[in-house]
Amino acid sequence: MKKVVVGLSGGVDSSTAAAILHNQGYEVIGLTLWLMKGKGQCCSEGMIDAAYICEQLGIPHEVVDMRDVFQTHIVDYLVTGYGAGITPLPCSQCNKTVKFGPMVQYAREQLGCDRIATGHYARISYDEASGRYQLLRAVDRNKDQSYFLYDLSQDLLAASLFPLGEMEKADTRRIATEHGLKTADKPESQDLCLVESNGSMRAFLDKYIAPKKGDIVDTAGKILGQHDGVHHYTIGQRKGLGIAAPEPLYVVELDAVNNKVVVGDRTKATQEECTVSRVNWVSIPEPSTPIRAAVQIRYRSAPEPVTVIPLENSRVRLVFDEPQFSITPGQAAVWYDGDKVLGGGIIEQFSN
């Protein structure tokens with residue numbers, strides 16, 4: 001019998017993924033990662049629900065303590081990034097270093113199993129010609145999570161199953177209901193796990209970064225107001241600046257070194273290109289010449305036509321066909337060919 005380890009968060013998606021594989025004849029082992037120190041939904045209610053689902057399905061359930069890893073790779077990563085004036089994207093980092101990597105390692109070393117599965121909405125295929133595993137968008141475009149999975153290595157893709165990739169979200173809930181799963185009607189998470197457990201990103205960051213007053217200035221250096229910490233702002237932000245101006249102003253730069261928030265009109269928050277580092281080429285090998293693609297510079301943004309120019313040291317330059325508003329350092333840029341994820345990386349800081 002084929003064996004698979006299913007990552008269970010205690011939500012409807014991962015629960016349904018486990019039920020589907022169980023019905024397909026897999027020997028399913030449920031695995032929950034204990035991520036956050038202290039109290040929080042994903043390490044209390046979620047863990048309890050995951051255990052209950054395993055009992056319903058008649059499968060074993062294991063819990064792995066990943067709190068120290070999560071603290072180092074996600075909490076510290078976020079705090080350091082925001083303190084340096086960037087807006088980090090923790091989810092792709094978490095998927096690679098906290099979830100998929102450790103899950104595959106645990107499955108192989110502790111359970112003698114080469115396959116894992118999760119409730120992510122994405123698809124994986126194997127291309128015989130290139131000998132590469134390809135990451136594809138989910139059938140349900142509204143739920144597609146391929147953007148957050150761009151950093152998975154070929155080894156991790158080869159070991160992973162996404163049972164929900166060919167399904168609509170409504171089908172997931174229907175299957176969960178048909179199986180009588182406790183999580184069938186469980187509401188979806190609406191924000192980052194850290195935000196949900198702390199109330200807001202501001203509240204989370206204020207636990208780690210002390211307020212530090214500084215100037216809000218325009219691009220010419222004129223002081224327009226005061227702020228209480230650059231970590232409270234993000235590129236493109238318009239609301240909550242606390243300054244009066246005859247025209248709308250947006251955050252165009254976060255100068256953490258000089259403790260300044262730089263604002264300007266919309267044109268100043270618009271860029272024709274950006275540089276991306278820590279690039280992972282997914283469905284194709286790294287090209288030696290520029291390629292055409294469609295890029296997303298944030299999760300819910302529409303794909304935009306772009307020329308991807310390879311640089312040295314796992315970096316690329318993205319040149320957009322049309323200037324883009326609010327390109328945010330620390331966020332992921334992920335480029336596609338249709339449904340296929342070609343590659344992605346982290347947007348670097350730039351100066352206005």
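Each Cβ is built from the backbone N, Cα and C atoms, and glycine gets one as well.
Record features, source Swiss-Prot:
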ACT_SITE  C94  active site, nucleophile
ACT_SITE  C193  active site, cysteine persulfide intermediate
BINDING   G7, L8, S9, G10, G11, V12, D13, S14, L33, G119  ATP binding site
DISULFID  C94-C193  disulfide bond
SITE      H120  site 'Interaction with tRNA'
SITE      Q331  site 'Interaction with tRNA'
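Largest Cα-to-Cα span within the ATP-binding set G7, L8, S9, G10, G11, V12, D13, S14, L33, G119: 16 Å. All protein chains shown were included, and the count of other CB atoms within 10 Å of the CB of S9 (ATP binding site) stands at 23. Of the candidate recorded positions, G7, D13, L33, H120, the one lying closest to the residue listed as 'active site, cysteine persulfide intermediate' when CA atoms are compared is L33. Around H120 (site 'Interaction with tRNA'), the C-beta neighbours below 8 angstroms that are at least 6 residues distant in the chain are D13, Q145, F148, L149, F162, L164, G165.
Neighbour counts of Cβ atoms within 10 Å were taken for the binding-site residues G7, G11; the minimum is at G11.
Calculated from their C-alpha atoms, the gap between L33 (ATP binding site) and the residue listed as 'active site, nucleophile' amounts to 12 Å. Rounded to the nearest whole angstrom, the C-alpha distance between C94 (active site, nucleophile) and Q331 (site 'Interaction with tRNA') is 14. Distance from the CA of S9 (ATP binding site) to the CA of Q331 (site 'Interaction with tRNA') is 24 Å. Comparing Cβ neighbour counts within 10 Å across the recorded positions L33, C193, the minimum falls on C193. A 10 Å cutoff on Cβ-Cβ distances gives D13 (ATP binding site) a total of 25 other Cβ atoms nearby, all chains included.
The Cβ neighbour count for C94 (active site, nucleophile), using a 10 Å radius over every protein chain in view, is 23.
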